[in-house]
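K.L.:
Quick paste from TrEMBL:
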type: BINDING; residues: 198, 203, 221, 224, 225, 279, 283, 300, 303, 304; note: Zn(2+) binding site
type: COMPBIAS; residues: 1-23; note: compositional bias 'Pro residues'
type: DOMAIN; residues: 183-325; note: domain 'Fatty acid hydroxylase'
type: REGION; residues: 1-43; note: region 'Disordered'
type: TRANSMEM; residues: 132-152; note: transmembrane segment
type: TRANSMEM; residues: 177-197; note: transmembrane segment
type: TRANSMEM; residues: 234-256; note: transmembrane segment
type: TRANSMEM; residues: 262-282; note: transmembrane segment
């Protein structure tokens, strides 16, 4: 197996997407390395083993100290050989192909690969479907700051009252000092919305007979599960995101007084920005072992490679507890 990824894959040199292998695994022949995949510290799923096949370069004979070097560009591992027999043509845009997979789509989309995906024929549409992680922060952080200022100064005028549309006698004044708490409420509500969208929209199972729903699912989230380390598609492009954000803003304006709705909205928008930044970091960051983010990264990797029907919390596991979708902890029998 290659110490660096083959051409055409997404993993940077040195394979930083996986925690460093212990020396006894990285510097020994293949068999001990494969045996180590059964854990501890964790067992590797069938998808993880399938992923490893992408780095196959040759086989060692008894007595060999190292794998003979492969010719440049010659990557003939099992996964490479299967590329020609895949269900889709990787040389063409995938968005218009996946709808024809029918009953095979759900299994296919949950077998991740380490290669880039092209969605559209049009270069313009393709470029609009990709977003660098920092673009989300550059676009939405100023909006959060500005709307926070508008919300606070509007509340400072003392004209905002809760339930005033029902009764003026028993309406509750909302002071400017409440803004931080309303803001945090918006962030909390976003965490619930994040969970619900991820579970019930992004992880819906489209009918095998419906070409359009399969295509829509792949566009929304399926392409991320198929190629989870495509760095250009880990965050939401601002244009389609603004449509969804605008919808939720309208809902809050209908349900709450204008300034109060804006205050909740800006907290939720901040929660979304944190979620998108964190999602990118969970895929490409290297948090220190034992930290909160290290645990979240391991949790999210399990969601991608083994537990696709659980572990829907991304920025937090909180909602996986009451909804009973928590990924179970692994246990290992102690050796005598």
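Counting begins at 1 with the first residue displayed.
A Cβ is built for glycine as well, from the same backbone N, Cα and C atoms used for every other residue.
Whatever TrEMBL says is automated annotation, not expert-curated.
Source: prediction; values computed, not measured.
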K.L.:
Other Cβ atoms within 10 Å is the metric here; tell me which of the binding-site residues 221, 283, 303 scores highest.
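P.N.:
Buried the deepest by this measure is 303.
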K.L.:
Note down the number of other Cβ atoms within 10 Å of the Cβ of residue 198 (Zn(2+) binding site), including every protein chain shown.
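P.N.:
By my count, 18.
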K.L.:
What's the number of neighbouring CB atoms sitting within 10 A of the CB on residue 225 (Zn(2+) binding site)?
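P.N.:
Within a 10 Å radius of the Cβ of residue 225 (Zn(2+) binding site) lie 19 other Cβ atoms.
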